[in-house]
């Protein structure tokens with residue numbers, strides 16, 4: 001029987017959770033879902049003229065093209081559709097179905113371990129200091145040609161942290177049983193290895209010859 005094992009990775013923006021999640025999924029052979037792209041995908045469909053709730057209910061993983069969805073208009077549309085309860089419910093169902101797929105799944109977002117998959121076998125909360133995260137985001141934006149300053153990016157990071165952690169619905173916070181990984185002083189490889197060690201410690205002990213039983 002194929003392994004069913006869910007890894008929930010939460011954390012604030014630019015903490016490294018996306019990089020860690022993709023690497024962990026690749027090394028374990030698990031499917032990966034960046035849940036932040038879901039609302040962007042629905043927003044993109046809305047811009048194309050589709051009704052948002054129907055777009056959310058018929059969403060397909062193949063539509064989650066990160067480059068196509070990382071645009072200003074799509075981000076604005078994503079904020080609009082995220083305010084619709086029916087869209088949120090449909091995408092919650094989508095995420096939970098993805099998490100239960102055979103072969104293992106890694107989901108990263110803000111509320112995976114607390115709301116979407118509270119029963120996940122492994123839960124991580126990836127964080128870093130606001131200054132460290134702002135520096136990472138500044139370098140990323142500058143490399144893409146955006147005219148920003150380090151101070152403005154730090155201000156944005158802190159404002160987003162406040163919104164994510166103080167919102168009434170599904171606020172960002174570590175699950176009680178999540179293992180926190182602070183990437184402020186870690187290299188990418190150190191952070192990935194730390195995450196893998198946490199996950200492997202929670203995988204089923206009975207593995208036969210190394211394959212999932």
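Glycine is treated like the rest: Cβ placed from N, Cα and C.
It should be emphasised that the depicted structure is a prediction, and the values quoted were computed from it without experimental measurement.
Some features that TrEMBL has for this protein:
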type: BINDING; residues: 11, 12, 13, 14, 15, 16, 17, 18, 19; note: ATP binding site
type: DOMAIN; residues: 7-50; note: domain 'Cytidylate kinase'
type: DOMAIN; residues: 66-200; note: domain 'Cytidylate kinase'
Within-chain partners of the domain 'Cytidylate kinase' (7-50) [C-beta distance under 8 Å, separation at least 6 from its ends]: 56, 59, 61, 63-64, 66, 68-70, 73-82, 87, 91, 94-95, 98-99, 101, 103-114, 116-117, 120-128, 133-134, 136-137, 140, 157, 160-161, 164, 172, 174-175, 178, 181, 183, 188, 191-192, 195-196, 199
Least Cβ-crowded entry, counting other Cβ within 10 Å, from the binding-site residues listed as 15, 19: 19
Reported mean pLDDT - the domain 'Cytidylate kinase' (7-50): 95
Those residues of the chain, 6+ apart, with a Cβ under 8 Å from that of residue 17 (ATP binding site): 9, 10, 11, 108, 124, 126
Under 8 Å by Cβ from residue 13 (ATP binding site), same chain, sequence gap 6 or more: 133, 137, 157, 160, 161, 164
Check: same-chain CB within 8 A of ATP site center, minus 11, 12, 13, 14, 15, 16, 17, 18, 19: 20, 126, 127, 128, 133, 183
